Ligand SMILES: CC(=O)SCCNC(=O)CCNC(=O)[C@H](O)C(C)(C)COP(=O)(O)OP(=O)(O)OC[C@H]1O[C@@H](n2cnc3c(N)ncnc32)[C@H](O)[C@@H]1OP(=O)(O)O
Ligand SMILES: CC(C)C(=O)C(=O)O
Ligand SMILES: [Mg+2]
């Protein structure tokens with residue numbers, strides 16, 4: 001077995017699903033398991049088969065339908081559990097039984113009510129029983145983090161003799177600190193007879209927020225399997241987060257090598273990380289905090305002027321890994337009160353605006369005023385700022401009259417009168433709704449039919465007399481134009497916004513000819 005390969009053991013469907021409120025249906029488990037296989041995890045812990053008929057069936061279906069990874073199921077050190085796991089896993093091409101029993105004084109005395117010698121006997125019997133079903137048996141001394149090391153050495157040596165192939169060292173209650181956990185792994189690797197025939201595994205909980213750090217300390221000291229869950233799901237504060245473990249090893253592979261080999265390897269396709277994280281979040285209903293490492297909405301977002309300037313000059317100034325590596329389209333530059341001139345100018349350029357220095361300065365000053373009032377400034381706001389502050393577009397088309405009839409059971413119809421270069425034209429049309437009818441009538445009157453790409457309306461003032469502001473984005477011959485209109489009547493605001501966008505399109509066609517992606 002190569003010493004530089006780290007096996008990723010995913011327990012989202014077992015320990016992850018033990019999170020209060022995270023329960024998953026059988027089809028949802030299958031969907032996640034298929035995605036975990038696409039991600040490239042080495043082992044999927046599909047469930048705890050004895051615990052309920054649904055757990056059994058989910059494990060059985062994953063074993064039957066998911067190809068690639070080894071499929072495992074959890075079992076207490078009891079024949080009934082191990083037999084259930086053996087049956088549920090039977091259809092899998094590659095299967096493992098994971099059996100466990102607690103080894104800490106506190107668990108043995110209060111929970112199991114058994115002396116240590118009895119616990120060793122049960123562990124050995126469990127591994128022997130599991131070996132009747134599979135060749136691949138994992139043993140976990142539960143609460144290893146609070147167990148006495150000589151007892152751990154004794155029980156691990158005994159289960160190796162009984163046929164265990166993977167030894168998992170759980171810090172079940174997340175009590176240990178990274179140096180301590182690393183030293184525990186180093187001690188077991190050195191002192192347990194026969195351990196070199198087995199893979200040493202980490203299983204760390206996050207009660208003190210150090211599950212990932214502990215797992216990595218384990219790897220640094222010779223563990224070559226990491227048990228983890230997507231988005232850090234799991235009992236209480238969760239398990240070590242799969243995406244953090246994988247990206248730490250991926251980004252710092254050379255840091256971990258013991259004995260100077262070339263760096264650690266994994267089977268994971270990192271480009272599937274983001275997709276997997278989103279799927280698990282959606283199916284469990286567990287929202288990902290924005291500042292969550294690797295998969296949080298802000299993990300690759302930048303707002304501060306100095307950071308954005310650095311990134312625009314050289315990405316690695318503020319990014320230690322690229323968003324593309326985890327399957328994201330790119331970094332997100334957020335416009336807000338911390339944005340500097342470089343970031344603002346870059347966004348204007350991306351939107352297709354060619355501004356002179358003085359125009360940029362004028363637009364930036366207005367942008368800062370708005371950014372102070374809003375959490376985030378969007379592209380539509382930038383377009384509006386430039387439209388209002390920098391460019392005055394000649395009004396070739398002017399909405400003179402609008403009448404719309406709509407209601408339950410009637411076909412929405414609109415009639416408009418539009419002044420076009422001094423002359424007035426009228427048109428009427430029907431539509432799916434009042435705004436659609438008004439837009440159709442405007443298209444009829446102007447003879448122009450740009451594609452409507454986006455439409456939004458928001459209240460800009462409160463109360464009965466609230467002003468509605470409509471923003472539309474239209475596309476003509478591959479070019480984008482944004483128009484805005486405000487009125488206390490939202491249909492009128494919508495019509496004005498459309499006419500405004502048409503004026504901007506016409507102005508751009510007259511002055512620029514074919515040009516940039518977006519125009520005033
Ligand atoms: C750290 C972990 O994540 S451990 C896994 C936790 N996951 C779960 O508990 C999954 C959901 N659990 C269940 O469905 C149920 O608890 C079952 C089916 C496993 C057991 O249910 P029950 O038989 O009703 O027992 P209950 O859960 O109340 O108590 C657990 C029993 O198992 C015993 N036990 C606990 N761990 C082990 C073990 N590893 N090996 C043998 N016996 C064990 C306890 O001492 C207790 O035994 P007792 O009845 O003689 O006192
Ligand atoms: C069953 C074991 C591995 C476990 O989940 C734990 O100890 O946390
Ligand atoms: Mg656990």
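Each residue, glycine too, has its Cβ placed from N, Cα and C.
Remember, it's a predicted structure, so these values are computed and weren't measured experimentally.
For 6-274, the entry in TrEMBL reads domain 'Pyruvate carboxyltransferase'.
Marked as Mn(2+) binding site by TrEMBL: 15, 203, 205, 239. For residue 203 (Mn(2+) binding site), applying a Cβ distance below 8 Å and a minimum sequence separation of six or more within one chain yields 11, 140, 168, 169, 170, 171, 172, 227, 239.
Look at TrEMBL and you will find 398-520 tagged as region 'Regulatory domain'. Note on the region 'Regulatory domain' (398-520): mean pLDDT across this stretch is 85.
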Non-site residues, in chain order, whose CB comes within 8 A of the mean position of the CB atoms of 15, 203, 205, 239 at Mn(2+): 11, 170, 172, 204, 211, 227, 228, 229, 234, 235, 238, 240
Other CB atoms, at most 10 A from the CB of residue 239 (Mn(2+) binding site): 34
DSSP-derived structure type at residue 203 (Mn(2+) binding site), helix or strand or else coil: strand
